[in-house]
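Notes follow once the structure below has been shown.
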Amino acid sequence: MNLHEYQAKQLFARYGLPAPVGYACTTPREAEEAASKIGAGPWVVKCQVHAGGRGKAGGVKVVNSKEDIRAFAENWLGKRLVTYQTDANGQPVNQILVEAATDIAKELYLGAVVDRSSRRVVFMASTEGGVEIEKVAEETPHLIHKVALDPLTGPMPYQGRELAFKLGLEGKLVQQFTKIFMGLATIFLERDLALIEINPLVITKQGDLICLDGKLGADGNALFRQPDLREMRDQSQEDPREAQAAQWELNYVALDGNIGCMVNGAGLAMGTMDIVKLHGGEPANFLDVGGGATKERVTEAFKIILSDDKVKAVLVNIFGGIVRCDLIADGIIGAVAEVGVNVPVVVRLEGNNAELGAKKLADSGLNIIAAKGLTDAAQQVVAAVEGK
């Protein structure tokens, strides 16, 4: 679950990290009033969406008058911002962040993620702030400096100083950087985050560090113990199908293809998408119904898949280990009957009660294509989309 920039900066403030004074506004009038609260300009106005690349898309602007603030707010509030990180429809702009402009001398980068290979929280810092860190990693990886947090000791001040020295910081900037490093690490661990990023972390012309931007991603599996973060969730920034799936504890990610996939198990789901592409198809989604699939959840999964107008066929690939294939069959039959499916449905069942599940599908009288294996299933669903 991602947070908006203004929400990230609210958290920064709670932990004593320096950030520009700013206010999130939902109307042009509020935006003008925010400028008055901040004081004399110039100001920076920013569209609040869950996507990077806002500046290049016109969603960030330095303004010198309240009239310009009103014009910016009137232009963007209620509209959709399209960036390189969004789809063609973009993300809705419901808030504008108005904050004091900062005199920038140098831009840095500081962020942290959970590194799966080392099984540690890893901090990354770079002198190349203000650009996508992925681009820096690809083109100039030697400019990214890393430290891993020991899960027993947690963050240590010497690690912050080590990064500061590698960035070429001196004097009071080393102390300020170390404080920010320790604060970010504390936020990351206490708030069950998956990602935290300040890009850019700037050195002002007055010689101080300030968090000019903020990006936070919370671990969705830990939200049950982070009620205040859960309340910050902005579902308008999410695919409505993904939000609906989350309510049923389904793992759903929308993609750009036309073959809907319903699978139990994340690994099998990825393998299913791979074999569909291998045979010339394009998956419309990733959907994992999980090991505890019920008839109701399978029915809901079917509804979510078919709510995508791009879907021209559905592939159901179930391995019955924990889940029983006959229950999955009941869910498929119920969903097809309830929703009124008008696209081909290819089903591959293996494992626990697979034969009983296949018999139920055959006896249902519905237009469901039974596959004899995974390769056969992929070939049949691709052929169905192509009208063969």
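Glycine is no exception: its Cβ is also placed from the backbone N, Cα and C atoms.
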Listed alongside G321, I322, V323 for substrate in Swiss-Prot, from N264, N285, N353, N367, is N264
Work out how many Å separate I322 (substrate binding site) and E107 (ATP binding site) at their Cα atoms, rounded off. 52
Between G53 (ATP binding site) and N199 (Mg(2+) binding site), how many Å separate their Cα atoms? 12
Quick tally, other C-beta within 10 angstroms, K46, R54; top of the binding-site residues is K46
Rounded Cα distance, in Å, between D213 (Mg(2+) binding site) and E99 (ATP binding site) is 11
Close in space but at least six residues away in sequence, with Cβ under 8 Å from that of E107 (ATP binding site), the same-chain residues are G129, G130, P200, L201, V202, I203, L212
How long is the line from the C-alpha of V323 (substrate binding site) to the C-alpha of E99 (ATP binding site), rounded to the nearest angstrom? 52
For a quick check of understanding: given the listed substrate-binding residues N264, G321, I322, V323, what is the maximum Cα-Cα distance in angstrom, as an integer? 10
